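Here the structure comes first, spelled out in structure tokens, and everything after it is commentary.
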Amino acid sequence: MEYLITAVLFVFGLVFGSFFNVVGLRVPQGESIVQPPSHCKSCNTRLRPLDLIPVLSYLLNRGACRYCRTKVSLLYPVMEGICGISFALVYLTYGWSAEMFMGLLFVSLLVIVSVADLAYRLIPDKVTLPALALFLILRLLVHPTQPYWMHLIAMAVGFGLFFLLTVLSRGGVGGGDIKLFAVVGLFLGLPLLALSIFLSALLGTLFGIILMLFRGTGRKTQVPFGPFIAAGSLLAYLKGDAIIGWYVDVFF
């Protein structure tokens, strides 16, 4: 039964990932997520159901529009695949529980902000602020490992720390990153917030080093940080206790 539920959630994740691509690409532009229907941005042809199968349509059409053969961004299948895998991993980690549904909402937020930040280098308030309000309510009802007040403190720490970094770096950290870390803190609580910050910084630094080594980019090249916040936060959520336990065993 577990394998069946995992497979179903993976498929649901693929489908929702396709929708989250639309949300992440349209909301920052002030566009409706309903109208116009999905279409090719090059030839404006309305896409048919066969063109909208997550990941598979991209592969069958060899990464191009079926009508005008214009290349389609790799962002679409990648984010669909990540969303599908993440949905499945949340279930495998938390089982069929209230926390699982919380986790699916968290993944949804992370996918949307990653798409928006990769496309526009912008994390829209229209996404993070409603998520903050939603998790303020839901974490009051579902907080299996920490008291609610610790989630509130983590929210304040996430916001305050990155607001301070923004001031000290004179805008080096975007306002969207500040609000996103407030949401992450609220959702994860204090210990996992600290881990998510570390993992986000580590992943971002490693990616920056790779860019400098293989693409010759300079240290001042701007890289959207939202996807690294998302990756670090998701890793902390799924494997944070194991990582912290390993660290304590090795170094203490």
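Any Cβ shown, glycine's included, is placed from N, Cα and C.
Copied over from TrEMBL, here are the features:
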- 11-93: domain 'Prepilin peptidase A24 N-terminal' (DOMAIN)
- 104-209: domain 'Prepilin type IV endopeptidase peptidase' (DOMAIN)
- 6-25: transmembrane segment (TRANSMEM)
- 74-94: transmembrane segment (TRANSMEM)
- 100-120: transmembrane segment (TRANSMEM)
- 127-142: transmembrane segment (TRANSMEM)
- 148-168: transmembrane segment (TRANSMEM)
- 180-213: transmembrane segment (TRANSMEM)
- 225-248: transmembrane segment (TRANSMEM)
Intrachain neighbours beyond the transmembrane segment (148-168), with Cβ under 8 angstroms and 6 or more residues off its ends: 132, 139-140, 174-175, 177-179, 181-190, 193, 197
Per Cβ pairs under 8 Å, the stretch of 100-120, 127-142, 225-248 packing most closely against the transmembrane segment (180-213): 225-248
Contact set, same chain, for the transmembrane segment (127-142): CB under 8 Å, 6 or more residues outside the stretch: 23-24, 27, 98-99, 102, 105, 109, 112-113, 116, 148, 151, 155, 176, 179-180, 182-183, 186-187
Residues of the domain 'Prepilin type IV endopeptidase peptidase' (104-209) by DSSP state, where helix covers H, G and I: 89 helix, 0 strand, 17 coil
Number of helical, extended and coil residues in the domain 'Prepilin peptidase A24 N-terminal' (11-93), per DSSP: 47 helix, 4 strand, 32 coil
Within the predicted model, mean pLDDT of the domain 'Prepilin type IV endopeptidase peptidase' (104-209): 93
